[in-house]
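Asker: Dumping the structure here so I can ask a few things about it.
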Amino acid sequence: MNNTIQTSQYSLDEAIIPDKTIELLTGYKIPSKQCKTLREAGIFFIIRRDGRPRTTWAHFNNPLSHRQRMQDTNPTPEPDFGALD
């Protein structure tokens, strides 16, 4: 039985940020303060059962608040009521 963890299949962006690193990045050891800091920065995270935030480097490096919304390239046609005059 092979119990080794294969990390080569994951890129760095998919890597989950360890608890100690989240402490360093947010400046807080208290999980609720960490969550508040991440939320204010617009970084997507989930809250684990123990109350600690969990996120990936991709979410940290590209926060939702900085992502541009995709423009609708094919808008739904609307009637030109001005043409009826």
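Placed from the backbone N, Cα and C atoms, the Cβ positions cover glycine too.
TrEMBL: automatically predicted annotations, no manual curation.
In case it helps, TrEMBL gives these features for our protein:
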DOMAIN    22-59  domain 'DUF4224'
REGION    58-85  region 'Disordered'
COMPBIAS  58-75  compositional bias 'Polar residues'
Asker: Count the residues of the domain 'DUF4224' (22-59) that DSSP assigns to helix (H, G, I), to strand (E, B) and to coil, and report the three numbers in that order.
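Answerer: For the domain 'DUF4224' (22-59), the helix, strand and coil counts are 18 helix, 5 strand, 15 coil.
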Asker: Take the domain 'DUF4224' (22-59) and average the pLDDT across it for me.
Answerer: 96
